[in-house]
Amino acid sequence: MTTEHKYIVALDQGTTSSRAIIFNHSGEIVGVAQQEFTQHYPQAGWVEHDAIEIWATQRGVLTEVLEKTGINPSQIAAIGITNQRETTVVWDKNTGKPVYNAIVWQCRRTAGICEQLKRDGLEDYVRENTGLVVDAYFSGTKVAWILDHVEGAREKAENGELLFGTIDTWLTWKLTRGATHVTDVTNASRTMLFNIKTLQWDEKMLKALNIPASMLPEVKSSSEVYGEAKVGTSLVPIAGIAGDQQAALFGQLALEKGMAKNTYGTGCFLLMNTGEEPVKSTNGLVTTIAYGLNGKVNYALEGSVFVAGASIQWLRDELGLIRDAADSEYFASKVDDTNGVYVVPAFVGMGAPYWDAYARGTIVGLTRGANRNHIVRATLEALAYQSRDVLDAMQKDSGLELNQLNVDGGAVANNFLMQFQSDILGSKVVRPKVIETTAAGAAYLAGLAVGYWKDLDQLRDKISEDRAFEPSMEEEKREKLYKGWQRAVDRALKWEQED
Ligand SMILES: Nc1ncnc2c1ncn2[C@@H]1O[C@H](COP(=O)(O)OP(=O)(O)O)[C@@H](O)[C@H]1O
Ligand SMILES: O=P(O)(O)OC[C@H](O)CO
């Protein structure tokens, strides 16, 4: 294939926005288009997206970025898809219409189904075979909920008329006009329905949740041609698929055992590549598939924090304390500390390492002197404390000491946060020049599949450091602050009562 004038497009379908990013052969970004879409909160702790709006915004940004850059679809060598994971779409394969809104990864509505699975004694089985903990986060219980609550859905599913997919599957199906119903191993490993040892859908889990196998997509590697998308008058191969956190790991080229990254977006996700063998966590992390490439899979340990950058949006949209996410750095830097205030943003329960669907957000340590700056600062600091929680667990599980943390995602633009992160970890934090590593990972996977890039060595020199943050806090102060955080978390846990 000629690489002249050719590009790779990454479609990055995130929790809050859809993005299309064009990369050239040097791995540089030549165009970006982005569109936010509506978040639906029908009840406390519930989160939904309209799958049609997801498709419309994703399609819209693809058209927009081509128009903006003047690149013709015929110049695109391949499309890579990366996506918010776990979010669940069920649609009618005849009409192409979703039978219900997409149930988002953050949604807690299936906590009760999870309690039942635990009572049925499935916890150990789930951990051993899917690598996960029993939690409403993952797709399986969301599919079960749709089949049980949408009128006529179960009957149609049993007649083979309904399809299930995570967002990668939904987009691929739409882009190929219904010709392709696939997912990749990384996304499959987030469903709680996939056996990460046999790399097959897990019959016992399907039975436990009463989900017909006919709804499930075919599971493929993360880098191969899955189908062709019609873009304008051209047919463009879709050649890379990976969940966004795995794509970010790939985009940071953390491809060797022991390499890790932390992504600060809506949530925070710390992943460590553990090589070709799955490592079982005993400290509240999950085992997941990092990527499937060249006939093999690599595994990762993951610590998933449900609310990170989303708490900065909460300061902006719900409390009105800031006008723009970037303002948080200005207000936090106006004070020397939080004046004893801690914010625990457990808006949708807490993920790793606590796994408590009943935790709720809390602010503690308020005194008459507490002001906006302290609350903004405490909210930013919570991102760093939550990352320390998972990093400590990761070090215990892996037996490795991470003396450097590679970071990416929208919130790493915040220098205050990065410095505090380094201080509270006591280790170096390294921010790359290109923080769009998620999209880069999807582009690399697609480019490798079609021979646009021969191998990853061609890309290694493209990753360069923007800034390194070194710890400057005294050990005694660090541990005192962190102990305060742990006490604050205790207040947030198990706040909501089980129905
Ligand atoms: N300067 C900043 N300081 C703190 N948070 C920020 C800043 N800029 C963006 N964010 C947060 O980062 C998130 C957006 O990052 P992004 O990687 O695009 O997320 P996602 O892929 O989850 O949609 C938002 O939640 C936003 O509040
Ligand atoms: O869309 P993001 O970047 O918030 O990522 C969401 C995760 O994939 C959820 O597991």
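Using the three backbone atoms N, Cα and C, a Cβ is placed for every residue, glycine included.
Predicted automatically and left uncurated, TrEMBL annotations should be read as such.
For 7-251, the entry in TrEMBL reads domain 'Carbohydrate kinase FGGY N-terminal'.
DSSP assigns Thr16 (ATP binding site) to coil, not to a helix or a strand. The ATP binding site annotation in TrEMBL covers Thr15, Thr16, Ser17, Thr266, Gly309, Gln313, Gly410.
Under the DSSP three-state reduction, Asn414 (ADP binding site) is assigned to coil, being neither helix nor strand. Cβ-based neighbour count (10 Å, all protein chains) for Asn414 (ADP binding site) stands at 21. Annotated ADP binding site per TrEMBL: Thr15, Arg19, Thr266, Gly309, Gly410, Asn414, in sequence order.
According to TrEMBL, the sn-glycerol 3-phosphate binding site annotation covers Thr15, Arg85, Glu86, Tyr137, Asp244. All protein chains shown were included, and the count of other CB atoms within 10 Å of the CB of Asp244 (sn-glycerol 3-phosphate binding site) stands at 31.
Summarising the annotation, TrEMBL assigns glycerol binding site to Arg85, Glu86, Tyr137, Asp244, Gln245. In three-state terms derived from DSSP, Glu86 (sn-glycerol 3-phosphate binding site) belongs to neither a helical nor a strand segment and is classed as coil. All chains included, 25 other C-beta atoms sit within 10 angstroms of the C-beta of Glu86 (sn-glycerol 3-phosphate binding site).
Per TrEMBL, the feature domain 'Carbohydrate kinase FGGY C-terminal' maps to 261-449.
If you take the Cα of Ser17 (ATP binding site) and the Cα of Asp244 (sn-glycerol 3-phosphate binding site), they are about 13 angstrom apart, rounded to a whole number.
Residues Thr15, Thr266, Gln313, Asn414, taken from the binding-site residues Thr15, Arg85, Glu86, Thr266, Gln313, Asn414, are distinguished by a CB atom under 6 angstroms from ligand 1.
Counting other CB atoms no more than 10 Å from each candidate's CB, the binding-site residues Thr15, Thr16, Thr266, Gln313 peak at Thr266. Among the binding-site residues Tyr137, Gln313, Asn414, not one has its Cα within 10 Å of the Cα of Gln245 (glycerol binding site). Considering only the binding-site residues Arg19, Arg85, the Cβ with the fewest other Cβ atoms within 10 Å is that of Arg19.
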